[in-house]
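Student: To start, I am sharing the structure in question, which I have written as structure tokens.
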């Protein structure tokens, strides 16, 4: 990212929500609470999945991966955002912006792929219960999770390098609360059609392919559940599927809005509010929806708490 006159940027100013000073205080309090709950919820899942042998299953392996991912994702964004919301200095160094772009995009892309991979585990458990242990072999689910991380950070590396190659017009004010590809493209003083086309193509793969897999898998799960005679069993599965789909829709829907629309239609003002959903809100909701309401997790939590209490 070089200026048109050949000199290099020393940093950027993250304008964020500075045009709404009254909103900044409200956002600071709300986002701080969200961040605390995100830390507590996701750390709980990781610790319980490690400590309780009953949770050493493919499903909880994926859940602990998702929790670790969300923990890193929010920690790479929220502290900087909180400082900017309450401080006068809203700048971020050039290096800091590059690192934030690479890490946040890598983790976000990984989550897109991982959520698509995770639904295969649910599909195998509901639609192929007799073959589940054979299908979800440890080598397979470790490979699936690892592939998600590799794809996510490979995409991030590509996008970061392409952004670094852009020539900027001397403007260093970013209409966002973090360094993200769409607002950075707005600072370029060269034609970004190729960048936007490449970003659109890759985003289709990263976003829409997992969405298609999720829709297909859940349609098969619904068909399998409809064969269950017990109404209580149907209600339980439909309730779980419904809550999962709600979170998935929120995450993918907002990410699709940010990355799969033409650059000339992209509203930076709307974009930063939309980004709050997939960067902060869904990482907080994920542990509540996927695991903390689960009977196995509640049982594991009680065991750990009682064990600590008895040891005193």
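Even glycines carry a Cβ here, placed using N, Cα and C.
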Student: Could you let me know which of 42, 195 shows up in Swiss-Prot as N-linked glycosylation site?
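Tutor: Per Swiss-Prot, N-linked glycosylation site applies to 195.
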Student: For which of 65, 265 does Swiss-Prot record the feature N-linked glycosylation site?
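Tutor: Annotation hit in Swiss-Prot: 265.
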Student: Is it the case that residue 129 shares a side of the membrane with residue 51, at least as far as the topological domain names in Swiss-Prot go?
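Tutor: Residue 129 and residue 51, as annotated in Swiss-Prot, occupy the same side of the membrane (identical topological domain).
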Student: What range among 168-190, 237-259 does Swiss-Prot describe as transmembrane segment?
Tutor: 237-259
Student: Which one, from the disulfide-bonded residues 97, 189, has the smallest tally of other C-beta atoms lying within 10 Å of its C-beta?
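Tutor: It is 189 that, of the disulfide-bonded residues 97, 189, has the fewest other Cβ atoms within 10 Å.
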Student: Test of understanding: applying the rule of at least three C-beta pairs under 8 Å (pairs 6 or more apart in sequence), is the transmembrane segment (273-292) touching the transmembrane segment (26-49)?
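Tutor: Answer yes, regions in contact.
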Student: With H, G and I counted as helix, E and B as strand and the rest as coil, say where DSSP puts residue 189 (disulfide bond).
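Tutor: Going by the DSSP assignment, residue 189 (disulfide bond) belongs to neither helix nor strand, so it counts as coil.
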Student: Taking 10 A as the limit, how many CB atoms besides its own sit near the CB of residue 195 (N-linked glycosylation site)?
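Tutor: Neighbour count, Cβ to Cβ under the 10 Å cut-off: 20.
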Student: How about the transmembrane segment (273-292) with the transmembrane segment (58-79) - do they touch, taking at least 3 C-beta pairs under 8 Å (6 or more apart in sequence) as contact?
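Tutor: Between the transmembrane segment (273-292) and the transmembrane segment (58-79), contact is present.
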Student: The topological domain 'Cytoplasmic' (121-139): which same-chain residues, six or more beyond its ends, come within Cβ distance under 8 Å?
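Tutor: Distant Cβ neighbours of the topological domain 'Cytoplasmic' (121-139) are 58-59, 62, 217, 220-221, 224-225, 237, 244.
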